[in-house]
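K.L.:
First the structure, which I've put down as structure tokens, then a few questions once you've had a look.
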Amino acid sequence: KPDNVRVSYGTAGFRGNASGMEYVFFRMGMLAALRSKLKEAAIGVMVTASHNPEHDNGVKLIDPQGEMLAQSWESLATALANAPFPIVQEVLALPEKIGTPCIFLAKIIIKNLRPSSLSLSRAVLDGASAFGATCHDHGLLTTPQLHYILACYNGGDIKVDEEHYYQNYASAFKALLNVPVTSPVTVDCANGVGAAKLTKLAERIGANIIDIVVYNDGQSGKLNENCGADYVKVQQRAPAGLNMEPFHRYASFDGDADRLIYYTLDSDCNFILLDGDKIAALFATYIRDNLKKASINLRLGIIQTAYANGNSTNFLINQQNIEIACTPTGVKYLHEKALTFDIGVYFEANGHGTITVNQECKNKISAAAFDPNKSAEERFAAKKLKLFLDIINQTVGDAMCDLLAVEAILQDKNWSVKEWYRIYTELPNRQAKVQVADRRIIETGDAERKVILPSMLQPAIDELVRKYPSGRSFVRPSGTEDVVRVYAEANTQENADDLAQQVSLAVY
Ligand SMILES: CC(=O)N[C@H]1[C@@H](OP(=O)(O)O)O[C@H](CO)[C@@H](O)[C@@H]1O
Ligand SMILES: [Mg+2]
């Protein structure tokens with residue numbers, strides 16, 4: 001461990017340039033084993049840097065039910081990763097083992113694409129073995145597949161494997177669809193692990209049911225380079241080399257396939273993005289409509305972050321009357337909040353999201369599907385809702401499951417992508433990054449919508465925002481990159497760009 005380097009368990013675990021990071025991975029192996037002992041259950045370790053460039057890598061821990069590592073352990077992870085060597089010796093001498101610890105490990109991203117994954121996974125295994133852990137290395141998986149497999153394993157299905165995942169979601173999708181999807185969907189897999197996995201899932205469903213065309217499968221392009229969900233969302237343009245046709249459905253995953261966004265061209269060949277906000281709106285209105293049709297009374301909520309487009313929030317609150325909550329960035333916060341609703345739909349604007357339903361509500365919906373006191377229409381809506389919820393990976397945002405869910409809703413509503421994108425029109429927006437000497441001096445509050453420190457920054461932002469109609473802007477230090485992120489939206493693209501630039505200068 002280099003003396004002068006400090007790392008921290010950020011928005012999604014440790015992440016950074018892969019070289020010299022072995023000690024972090026080794027220590028996370030140790031921590032995973034320790035947590036496994038405490039929980040008396042298997043713990044997941046994911047080796048990935050998601051949408052970041054190929055030379056980066058990262059590691060995150062997954063708790064027994066497939067949820068993110070408990071926040072109380074994040075500071076422990078940071079302390080362990082930064083401990084000078086003698087302290088590590090002390091940690092190694094920590095008290096007696098409780099049972100046999102067991103960790104799951106998925107190395108993701110094909111060897112030649114993220115070359116560091118092999119040695120870094122090895123470091124995790126070594127660290128875990130030092131604590132006597134039994135390790136199950138599942139090889140290449142998407143992040144959500146690992147969450148799913150871990151949750152099934154700890155639920156008692158110790159033989160669960162990747163195939164189980166495909167069978168489960170392929171049959172759920174087929175059960176929901178009454179007729180095949182008529183037009184194809186093209187999916188940019190960011191040259192990541194999602195390409196091979198989506199191909200397998202599509203095979204299990206069958207090309208006669210849905211035609212999924214995989215683009216950027218990693219055969220030639222580089223991981224996340226000029227492609228993938230983050231690129232398309234931030235650049236607001238198609239992945240390089242993709243020849244688009246108006247009204248065709250296109251989607252992008254990120255490198256570890258936990259983000260999904262859609263896009264298309266309108267009749268004037270304008271690029272139209274359907275991001276996490278629009279997927280959330282589609283899911284939530286579909287659920288709400290079916291709850292109503294089934295006469296089931298449940299509390300439905302949507303959870304967003306400050307990055308949600310202002311018009312998506314307006315649409316959901318004012319036109320659809322759906323309850324909304326806002327949390328800081330990072331799916332762990334959104335997921336936690338979603339669980340406070342009977343049914344929680346959460347999405348980051350960048351396309352990471354899922355739906356959570358508590359078991360009691362799930363039972364209520366299933367029972368309604370067979371309730372003789374309900375009308376045939378009510379029972380039908382309840383059944384549809386149950387089948388729809390079956391294609392959702394409730395443990396975490398899952399690009400493959402979310403793709404199937406979108407496709408199923410569009411088909412059921414007989415909607416093309418046009419009806420979907422027209423539910424509301426986004427305010428033009430811009431995201432920017434500012435490199436500063438120390439981003440950590442910026443502290444935020446109110447779910448990151450306001451800067452608290454340095455104290456002169458928020459008044460400066462307020463003054464700039466006032467100059468632009470429908471203006472809104474906020475800044476926050478990134479939890480995954482050494483930058484301060486700036487978000488701005490306004491009535492025109494020019495104004496949004498301008499506002500983002502002015503605020504960036506204020507930050508600098
Ligand atoms: C604006 C943005 O997209 N931020 C992303 C990014 O976090 P930052 O803390 O902004 O670097 O990576 C996170 C992990 O993938 C994701 O949860 C989050 O939404
Ligand atoms: Mg990801």
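Keep in mind that glycine also has a Cβ here, set from the backbone N, Cα and C atoms.
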K.L.:
What does TrEMBL list, out of SER50, SER455, SER470, SER473, as binding the same Mg(2+) as ASP254, ASP256, ASP258?
P.N.:
SER50
K.L.:
So which of 37-73, 275-415, 451-504 is most in touch with the domain 'Phosphoacetylglucosamine mutase AMG1' (165-260), counting Cβ pairs under 8 Å?
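P.N.:
Between the stretches 37-73, 275-415, 451-504, 275-415 has the largest tally.
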K.L.:
Could you tell me the mean pLDDT over the domain 'Phosphoacetylglucosamine mutase AMG1' (165-260), as a whole number?
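P.N.:
The average pLDDT of the model in the domain 'Phosphoacetylglucosamine mutase AMG1' (165-260) works out to 95.
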K.L.:
So which binding-site residues out of ASP258, ASN350, PRO477, GLY479 are up against ligand 1, CB under 6 A?
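P.N.:
What lies within reach of ligand 1, judged by Cβ under 6 Å, is ASN350, GLY479.
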K.L.:
For GLY479 (substrate binding site), which of the listed recorded positions (SER50, ASP254, ASP256, ASP258) have their CA atom within 10 A of its CA?
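P.N.:
Among SER50, ASP254, ASP256, ASP258, not one has a Cα sitting within 10 Å of that of GLY479 (substrate binding site).
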K.L.:
Can you count the other CB atoms that lie within 10 A of the CB of ASP258 (Mg(2+) binding site)?
P.N.:
31
K.L.:
Sort the recorded positions SER50, GLU348, PRO477, ARG485 by C-alpha distance from ASP258 (Mg(2+) binding site) and give me just the closest.
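P.N.:
Nearest by Cα distance to ASP258 (Mg(2+) binding site): SER50.
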